[in-house]
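Novice: Below is a structure I'd like to ask you about.
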């Protein structure tokens, strides 16, 4: 139950599709029964089809996590349904157009929603123009319908567009480190879970590097946090130059970063770590001219059963690199047999 509510809370598109499914059952089903009961077979069948299709789309969205295709499918059948209901019921069916406008602009991407909504509006008005008094009682009524639909569509478009922009901004703030622009801890956890799933399904091995800048606290204390921030930014740029497009860099916290390397082995992972280390030493300098260095620990996914254990092993390797004198790399393919000390991480406040 907690997963159900958390998914509704975190996924706006899924919550809208689910709400539409609920409203379809509660709001449209009685109309379907009523229309079938009075002999309006086409309208009743249309309403029934809309309800069943909506429920199937909701189930598909929940099972797959894909809300784009169900939204597009529902926009298509709702647009066709709004046209058929307007044609068969006349003015009494036109009110469903306003529901369609809201749904399309909130669930479907702007251009697609605009095309679907305008196509439906044009189709209804053309049919009403060619068949006087079948849909509209007068040209004035048709003009009023067009104007109100356009205004409703404009307001819905503006509001939905702003909502999309704000959701993208919030999603970025929740997943991206604001200083360096790389993924944060939340993004890293999700990517590691995906890597473990891909490894089990396709047999792909992944490598994990934990990178910690040496003596970073001294940089902050001697030259200020502004200089420290710039060192972090330059460090990320340097690592990105070395990485492949498929590699993913995350900021774990402070001066500590994690690099996820797919399709690798222990030799390639060690070569990657040493290459990063050389480039950092070569390109980054402190204001006093001293080179900035990084200690790197790494581990392969093979042999680990969960992401926390995998990350912990790579982290231990990084601290072994610190113990070895810093500016070192320690790569081990799998978890060591020795037990982890109860004290956990060693204290390296000086980096």
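Yeah, the Cβs are placed from backbone N, Cα and C, and that goes for glycine too.
Per TrEMBL, the feature transmembrane segment maps to 12-34, 40-62, 74-99, 111-130, 142-160. Taken from TrEMBL, the feature domain 'GGDEF' applies to 204-334.
For each feature listed, report its degree of burial, its nearest neighbours and the pertinent distances within the displayed model.
Specialist: For the transmembrane segment (12-34), the residues of the chain that approach it from at least six positions outside its boundaries are 44, 47-48, 50-51, 54-55, 57-58, 61-62, 65, 67-68, 70-71, 74, 103, 106-107, 163, 167, judged by C-beta separation under 8 angstroms.
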Novice: Do any residues of this chain, six or more beyond the ends of the transmembrane segment (142-160), have a C-beta under 8 angstroms from a C-beta of it, and if so which?
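Specialist: The answer is 94, 97-98, 101-102, 104-106, 110, 113-114, 117-118, 121, 125, 128-129, 135-136.
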Novice: When the pLDDT values for the domain 'GGDEF' (204-334) are averaged, what is the result?
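Specialist: Within the domain 'GGDEF' (204-334), the model's average pLDDT equals 93.
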